[in-house]
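Undergrad: In case it helps, Swiss-Prot gives these features for our protein:
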type: DISULFID; residues: C13-C118; note: disulfide bond
type: MOTIF; residues: 84-100; note: motif 'Involved in PIP2 interaction'
type: MOD_RES; residues: T114; note: phosphothreonine
Amino acid sequence: MSWQAYVDDHLMCDIEGHEGHRLTAAAIVGHDGSVWAQSATFPQFKPEEMNGIMTDFNEPGHLAPTGLHLGGTKYMVIQGEAGAVIRGKKGSGGITIKKTGQALVFGIYEEPVTPGQCNMVVERLGDYLLEQGL
């Protein structure tokens, strides 16, 4: 399966039990910041934004004072899982980032999608990739 198929079929799909509700944007990005696959709506990010995200995975709490920035959008960092998941909130939407052995799985959402639904979609794919050694 291509990386684009993972984004299209496993991240940008309808939320289980909520037909028509889906993430706003999604991507799979290597630890080095190279985009493996992304939705057409995924924001163009700066290398320093990706560096900040990677630093927060290695040093949990790094982004808390400044917020998480992606594509020029600032998210307030909320409770995640140290070294494994970063979550951010902005207005009625937010972001979930799951770290795997080689990649970061991104999901961005707006209402009516809930934070929990975004977490479920992103973390399920991230956990699968981890099980596959990726």
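Here the Cβ of each residue, glycine as well, is placed from N, Cα and C on the backbone.
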Undergrad: For each of the disulfide-bonded residues (C13, C118), count the other CB atoms lying within 10 A of its CB, then report the residue with the highest count.
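TA: Of the disulfide-bonded residues C13, C118, the most buried by Cβ count within 10 Å is C118.
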Undergrad: Could you tell me the mean pLDDT over the motif 'Involved in PIP2 interaction' (84-100), as a whole number?
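TA: Averaging the confidence scores along the motif 'Involved in PIP2 interaction' (84-100) gives 98.
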Undergrad: Helix, strand or coil: which one is C118 (disulfide bond) in, per DSSP?
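TA: For C118 (disulfide bond) - judged by DSSP and reduced to three states - the answer is helix.
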Undergrad: Taking the Cβ of T114 (phosphothreonine) as the centre, count every other Cβ atom within 10 Å, in any protein chain shown.
TA: 15
